[in-house]
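These notes concern the structure reproduced below.
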């Protein structure tokens, strides 16, 4: 425990970013950590919280939510990820075009119209012709609907992946009570110990 206390009360003479391990001359208030765990470059921390693997935008030690501002990249600078594209989008779009073309051709076919208007055409033949048109038409409508849903999902997923979180400092809270400082220090030391040493059995 003495090691943890020394780490919490570490001097800021040799300031070093805890992410890149490079020199850091300015200590900003991004969370409620103290000591060397508070020393970090803004660029390093922003790059860290913008990675896909980081889902929780809060400090891993003190669990303080970062003050981040969400922005979207310009549409011309979006990066599209192939894994975000749903497989059905690649299947439904060509299917919609192919079946739609067949349905359109069937609808405007002169020969079919003539057969439908002919008195010699049996009722069974007319039913078959109507069914042969309605079948592809229904498939076309369903495929188009599914394609629209997949396109919307792909757009929202791509937009989320092209989101930039800009980091800002926390606002000073002058209303905190000094009576809870001892408890906060103890919880903070336990959190640092668990991250560095590992959870106790």
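All residue numbers here begin at 1 and follow the chain in the order shown.
A Cβ is built for glycine as well, from the same backbone N, Cα and C atoms used for every other residue.
Copied from Swiss-Prot, the annotated features are:
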- 1-92: topological domain 'Cytoplasmic' (TOPO_DOM)
- 9-69: zinc finger (ZN_FING)
- 17, 20, 41, 44: Zn(2+) 1 binding site (BINDING)
- 31, 33, 59, 62: Zn(2+) 2 binding site (BINDING)
- 93-113: transmembrane segment (TRANSMEM)
- 114-123: topological domain 'Lumenal' (TOPO_DOM)
- 124-144: transmembrane segment (TRANSMEM)
- 145-201: topological domain 'Cytoplasmic' (TOPO_DOM)
- 168-188: region 'Disordered' (REGION)
- 169-188: compositional bias 'Acidic residues' (COMPBIAS)
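Swiss-Prot feature annotations superimposed on the structure.
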residue	record	CB count, 10 Å
17	Zn(2+) 1 binding site	17
20	Zn(2+) 1 binding site	14
31	Zn(2+) 2 binding site	22
33	Zn(2+) 2 binding site	21
41	Zn(2+) 1 binding site	19
44	Zn(2+) 1 binding site	16
59	Zn(2+) 2 binding site	18
62	Zn(2+) 2 binding site	17
The zinc finger (9-69) - residue tally per DSSP class, helix then strand then coil
12 helix, 7 strand, 42 coil
Cα within 10 Å of residue 31 (Zn(2+) 2 binding site) - qualifying binding-site residues among 17, 20, 41, 44
none
Distance between residue 62 (Zn(2+) 2 binding site) and residue 41 (Zn(2+) 1 binding site) at the Cα atoms, whole Å?
18
Note on Zn(2+) 1: the CB centroid of 17, 20, 41, 44 has further same-chain residues inside 8 Å, namely 18, 19, 21, 22, 24, 40, 43, 45
Suppose the Zn(2+) 2 site is 31, 33, 59, 62. Which further residues of the same chain have a Cβ inside 8 angstroms of that site's Cβ centroid?
30, 32, 37, 38, 58, 60, 61, 63, 64
